[in-house]
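Below is one structure; the comments refer to it alone.
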Amino acid sequence: MTKLKVAVLFGGVSTEHEISIVSAKSIMQNMDKEKYEVIPIGITKEGKWLLYTGKIEDLDSKWTQFSIECFVSPDRTKKALVKVKDNEATFIDIDVVFPVLHGLNGEDGTVQGLLELSGIPYVGCGVLSSAICMDKAFAKKLALLEGIPQGHFLVVYKNEYSAKKDYFIRRIESEFSYPVFVKPANSGSSVGISKAKDREDLVLAIHEAFLYDTKILIEQAINAREIECAVLGNDEVFVSEPGEIIPSREFYSYEAKYIDNSSELIIPARLPKEVTEEIKDLAGRIYKIFECCGMARVDFFVDKDTNKVYFNEVNTIPGFTSISMYPKLMEFSGIPYSQLIDKLISLAIEKNRQKKSIKYSKEG
């Protein structure tokens, strides 16, 4: 049987560079080597593309020591990786690309745009849905237009805030009650997110969030449980049972997710049946509204007192580490890790096949 050549992208110019490496390593270790020839492609924090030549089990933060310069050709007649060694370029054919790039410059439609130009099938959401889901402000606005329940929010731009700080502080305090969450609009893994309990906290939180983006979100804090759903599919969508995060800290921060490792995942979430069904229905609706394909994780809040469900965000390239919710939810729902990878790759090929039927010329 001819093996599919699957290029796995990891690293990237992102605050989630290290997490991406862990996710990609986990995916590559769980790929069926009888079906796939794995081609690991790393992107450094400076944006350099490199073909990783070391062993998958040895992949860590020092991966660049075992690498050769490369890049994906945007020429769709090639559908290949270009390897550059000793000033000579050679083409390596690629059947599918599996982007495992969390956050900016990977999960936001930028790499997806390059892969669209190349014509190579790729796992996950397309350019538009990736960009919208990455930008929490646009995602919130679209959800609002579609009548999806969510908490009160305000979008603040850095240049406007710098010119009228006092105005925005007063506006926030008039529209919200403490505590509030302050988030960079384009960030993942809770990087740059703070919970503000008073004005002093708020000023510091805004400063912190603006370190990671020029646009931030102010959100009303809700006394809520953090619930997540894994969604899989293109035209036909499968929604997993919901899972719950019990944060080891006050909220599911970057540290709680990846450093102290003591947050608890409860699968399935212990919810009333009608709340579970509402969450699954909303997850499927949101997936379709945002025109997602391949995969996404849809996150919600559930009020601890009333069980009211609120939309939080969509992650188009969810974590695939050993402690990540997405593969755990899918496994609980009957799709083991290796089968999940198979399905994602087949969905990528299916999506690419559909695009090939589109006419780009009036001729013929």
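Cβ atoms are placed via backbone N, Cα and C, with glycine included.
Listed in Swiss-Prot:
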BINDING   173-228  ATP binding site
BINDING   Asp299, Glu313  Mg(2+) 1 binding site
BINDING   Glu313, Asn315  Mg(2+) 2 binding site
DOMAIN    140-346  domain 'ATP-grasp'
Distance from Asn315 (Mg(2+) 2 binding site) back to Glu208 (ATP binding site), taken between C-alpha atoms, in Å: 22
Of the binding-site residues listed as Asp299, Glu313, Asn315, the one whose CA lies nearest the CA of Lys215 (ATP binding site): Glu313
CB contacts for Asp201 (ATP binding site) [other CB atoms within 10 A, all chains]: 16
Averaged pLDDT score, the domain 'ATP-grasp' (140-346): 93
Those binding-site residues, out of Glu173, Val180, Ser187, Asp201, Ile222, Asn315, that come within 10 angstroms of Asp299 (Mg(2+) 1 binding site) at the Cα: Asn315
Distance from Asn315 (Mg(2+) 2 binding site) back to Glu173 (ATP binding site), taken between C-alpha atoms, in Å: 29
Site of maximum Cβ density within 10 Å, from binding-site residues Val180, Ile222: Val180
Asn315 (Mg(2+) 2 binding site) versus Ile222 (ATP binding site) - Cα distance in angstrom: 20
